[in-house]
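*Asks:* Structure incoming, see below.
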Amino acid sequence: MNSKIFAVLLLLGLLSCVLSDQYCPKSSITACKKMNIRNDCCKDDDCTGGSWCCATPCGNFCKYPTDRPGGKRAAGGKSCKTGYVYY
């Protein structure tokens, strides 16, 4: 009996981990001078250790996902370049 309860609780715990939504963290910066815009990444593959490429006003940076919405994932694309971006 105890093993069945444990199995059900374990399954519920795994399900909650799999089904929980993940987001880029919300940036605390609301504006950035054009000369300070830098992209460390253009897509998730540019990041390591399970981090995502997230967009901020100062460029794209690798961040670890969070369960709180508010951030924005980097769009990437052919026009995205890493390094300092001058418009």
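Heads up, the Cβ atoms here are built off N, Cα and C, so glycines get one too.
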*Asks:* In Swiss-Prot's disulfide listing, Cys54 is paired with one of Cys24, Cys80. Which one?
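*Replies:* Swiss-Prot lists the disulfide between Cys54 and Cys24.
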*Asks:* Cys42, Cys58, Cys62: which one closes the disulfide with Cys47 in Swiss-Prot?
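*Replies:* When Swiss-Prot is consulted, Cys47 turns out to be bridged to Cys62.
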*Asks:* By CA distance, which of the disulfide-bonded residues (Cys41, Cys47, Cys53, Cys54, Cys58) lies nearest to Cys80 (disulfide bond)?
*Replies:* Cys41
*Asks:* In angstrom units, rounded to an integer, how far apart are the Cα atoms of Cys42 (disulfide bond) and Cys53 (disulfide bond)?
*Replies:* 7
*Asks:* In this predicted model, what is the average pLDDT of the domain 'WAP' (21-66)?
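*Replies:* Residues in the domain 'WAP' (21-66) carry a mean pLDDT of 94 in this prediction.
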